[in-house]
Amino acid sequence: MSVPAESQWIELPEWARPWLSGVLPAQRMEQTSCGSPHSPPQNSSLHPPNDSPGLTSSPSSVSMGSENTGSLTKYPARRIIIRPSQKRTVSRALRGVHLFMITVNATLGTGLYWRGGQILELGGPLAVVLSFFFIGMLTWGVMQCITEMLCIWPIPGALSVYVSQFVDEELGIAVGVTYWFVYSMSFSTLVATSAAEFNFWHYIQESQVIQGCVIYFGIPLILVFINAIRIEIYGWLEVATGSIKILFLGVIIVTLIAINRGVATVSYIACWIEVLISSDWASPTEFDTRAADNWGTALLMSISIATFAYTGVEIVAASALEAKWPHPADEMSTIPGTPPRSNDTQIGKSFKFSARFIPVLAMIGYTISGLVATFDIERNSCALPRLSWLSLDVEAGCTAPSNSAAFVAIAKMSNIPHLADVFNAFLVFTCLSCAATNLYVASRTLFGLTTRLDGGEGQRWYLRVFAWFGKTDRRQVPMRAIIFSAAAFWWVPFLQLIRGNNTQSSANTTESSLKGTRASVDAFVEVLSQMAYSAVLIVWACECLAFIRFYHCIYQHRHHLEHENVPYVQRWNEEDQDEYPYRSHRQPLTAYLSLLGCIFVSLVANGAALWNGFHLLPFLASYLTVIVFVGLWVLLKIMRGAKWSLVDLSHPGKVARIFRHLHEIRLSVTQS
């Protein structure tokens, strides 16, 4: 891979200024050489300028005295900011409300509406509450780690860069590619899921023209156009759609309570007592015996499924590169004789709230809505979605697999006219708005991975191709990354046309072979979908590991960092709030527990589906992502000839250079 083409500071000694004046621009220039993030070029310094708030400069240039006596004459240094080209920068226009609603749109998708009913059928009502609560706490811990680093370095490709700098460079690249895969694949699988929701209306289900031309081609094309608009307008569209989705969720919860309340003729409290006695809460640990041997195994499987609903809580890290930087003019003081003061207490305000509280709000919303749903539908109802790799539940009287969400099934059973249609329309809107946001995240992830690549002459052809995706158009929108992220898996929804083909073709095509083809297509699409949501656990685990190593190295080299006055990493300095933007809670214990939780869910809970007998589909869905991720990491190590060791954080000088390198990336994008 190519080395990043980040911004650098160049010192010009006094004797060199007459020679270089007129050659180097005074304000801005395009970088023409690249340096390694760990080994900067000889003519550059990783130290920020003297007049940057809280940043120290490297020693001034020296030369031999005029009489060549060996004495050194010290000359003042001048620095020039080399910023990325406008073609490799995005517009920083997103406010806090935009980032919050983007995260809401990505998190509040089909996971609650589809997976909540699946968990209820699998593990009973108690599993619904516990699984959503456990994953909610896990994502809260993960986001504590990410937020602390993000408030210091809100840079393009942040999740990949953190792992590259603090754990392993090739592992960071693998994390970036995996994270892009999660949301690029999710974009396509959400389109496929919307098709299943559209099929609730039979006239759409019976028309392959509508499915192929409108749902599988037209709708994704519209979502691409939405992502192509200026970020200032796109941010407000996310606010509008996010507000509507929150309103929809509130309406659904209130309606479910009203449906339950309306069937009783006694007082409100007596109504809920009657519900608790007569509903599944009389036996809260009842589970599907076809899927698991005991309730504990069913709970682990439910925890694995609940991860689907929380995918997206971390995307504030992907959208932070477009966050509006408060008062950029204050980032560097130019008043002579005045000590530079930082405005970095404002750095995290744009995204700190979203990063800290979205997991908590999602956990509350998911738990309450899932809890209310358990009062309105029985666990063994045939209307609830079941695990696709199990046979039909004949004992429950099911004759066909369910393809509707639990809330739609409840609305349908309430016999309230058109309520099921309204709920299903809510779900279609939720699914497609989530798909649009996932495309946004995938495109920004790809842009962050490639924007600092050197695509100049002499580079390998594939590096030039990747660097081509790291450019923006005249509106500073990464259009190339958007189109590629949308087209990469656009073909996945079209596979369902094979599944939905009810026309009997030739005599050679029997009914059994047609059913086998449909089952194979369903299984393939589900494996791809589950792979995307299993992969996000790997990303979460790597971010926790990156924070753990970051946390320990700053305390290990505390005295050196204080002596060198390296800014924004002095976590122990609680007196100066400008020095460290955000301190997460109970660290490093929170990071260790979150790392163990991610590993536990990824390797143990995801594998619980195999404890009652081997099934190929859950095995591939759970572990194929892990196998591919490790294989990609090994392949990158071999291709790059890299050492089989982690980043060396034992030497204080190397640690200081890493921090200053990250500061330069941050300063280059925030001053552009």
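Just so you know, glycine gets a Cβ as well, placed from its N, Cα and C.
Taken verbatim from TrEMBL:
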type	residues	note
REGION	28-71	region 'Disordered'
COMPBIAS	29-47	compositional bias 'Polar residues'
COMPBIAS	52-66	compositional bias 'Low complexity'
TRANSMEM	93-114	transmembrane segment
DOMAIN	98-327	domain 'Amino acid permease/ SLC12A'
TRANSMEM	126-143	transmembrane segment
TRANSMEM	179-201	transmembrane segment
TRANSMEM	213-233	transmembrane segment
TRANSMEM	239-259	transmembrane segment
DOMAIN	354-640	domain 'Amino acid permease/ SLC12A'
TRANSMEM	357-375	transmembrane segment
TRANSMEM	422-442	transmembrane segment
TRANSMEM	481-498	transmembrane segment
TRANSMEM	531-551	transmembrane segment
TRANSMEM	589-611	transmembrane segment
TRANSMEM	617-636	transmembrane segment
When counting Cβ pairs under 8 Å to the transmembrane segment (422-442), the leader among 93-114, 531-551, 617-636: 93-114
Intrachain neighbours beyond the transmembrane segment (589-611), with Cβ under 8 angstroms and 6 or more residues off its ends: 135, 138, 141-142, 144-145, 291-293, 297, 300-301, 303-304, 307, 387, 534, 537-538, 540-541, 544-545, 547-548, 551, 618-619, 621-623, 626
For the domain 'Amino acid permease/ SLC12A' (354-640), the mean pLDDT of the predicted model: 82
Outside the transmembrane segment (357-375), six or more residues from its ends: residues with CB under 8 Å to it: 100, 103-104, 107-108, 112, 116-117, 119-120, 125, 128-129, 132-133, 135-137, 139-140, 142-143, 249, 252-253, 256-257, 260, 275, 279-281, 306, 309-310, 313, 316, 406-407, 410
